[in-house]
């Protein structure tokens, strides 16, 4: 399974492609960062990110895309940019019919280090080890994108089971209310 | 000048097209709402919004797009969806080379009602009056999209002046520090 991980951001958007399957060795296919100038207008930055992601999707043909799930408890300005960049990533993938999964930062940290509260250095060190690299990928956004892809490869089977269960539950007819009872 | 106003949202994305110029009567060209099912996955909802906005841009050929500026002080879940939908709107417009302006909710309210703290009903009433409609557009998202377009038509000249001034300032060489002075 080939997965593109995307660590969304307007200034630096990390991208990493990993091949692997649960319980099998992982291989890095590519890693990089899409950058847009901080003084450019947001709409133009989003267009640049879309173009960059399209190139990555064309070049590496992943079977799934994993994007970091954005929370808004942090810095307001940063969060907005991150949410906007993640929207572009989801859009590019879904437009091609690729499955998109969102993983929270703690899910990703827990997947690669065993702890949901691991720091950047620990994530970088584990990504280096798991992908048998010579040095941690720089900047941290690139390492985070690879960690997202790894997290997705390892979590995907569980993810699919939950999804199928939900879909099956939706297909079942709603339980009819027994006749003659009074709604409480 | 023809402006498409977009009140971004995943569940309801208001769209309204207004023709006009500062100091001249305004005319509504079209108004509507793009809806996506709340139980659909976010990536697919974003694709549906992109498709809908592309249809509106093709059908009405606006010269500019005005999008509500999103703040994250409100409900976290809603804000994320709004930020993502607004990213799609900015992307669709910028990809076509259309100028995109972001206006805050209070700028829009102040523009159409005279008060930045006006309620939905007041905005709806003024939109109805300014566009000489028979009744306020429903739902409120549709009226808000028209209000955004009106706000942009009225503010655009000032907007352009500020933009040109910024661009000129950037072109000027930085002031050299006089020789022999000590930086404070």
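The backbone N, Cα and C atoms fix where each Cβ goes, and this holds for glycine too.
The following features are taken from TrEMBL:
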- A:7: active site (ACT_SITE)
- A:7, A:141: Mg(2+) 1 binding site (BINDING)
- A:68: active site (ACT_SITE)
- A:68: Mg(2+) 2 binding site (BINDING)
- A:141: active site (ACT_SITE)
- A:164-184: region 'Disordered' (REGION)
Requested in this report: Translate the DSSP assignment of residue A:141 (Mg(2+) 1 binding site) into the three-state scheme.
Outcome: helix
Query raised in the report: Same-chain residues six or more away whose CB lies under 8 A from the CB of residue A:68 (active site)?
Result: A:6, A:7, A:8, A:82, A:86, A:102, A:103, A:104, A:105, A:108, A:144, A:148
Report summary line: Fewest neighbouring Cβ atoms within 10 Å among the recorded positions A:7, A:141 goes to A:141
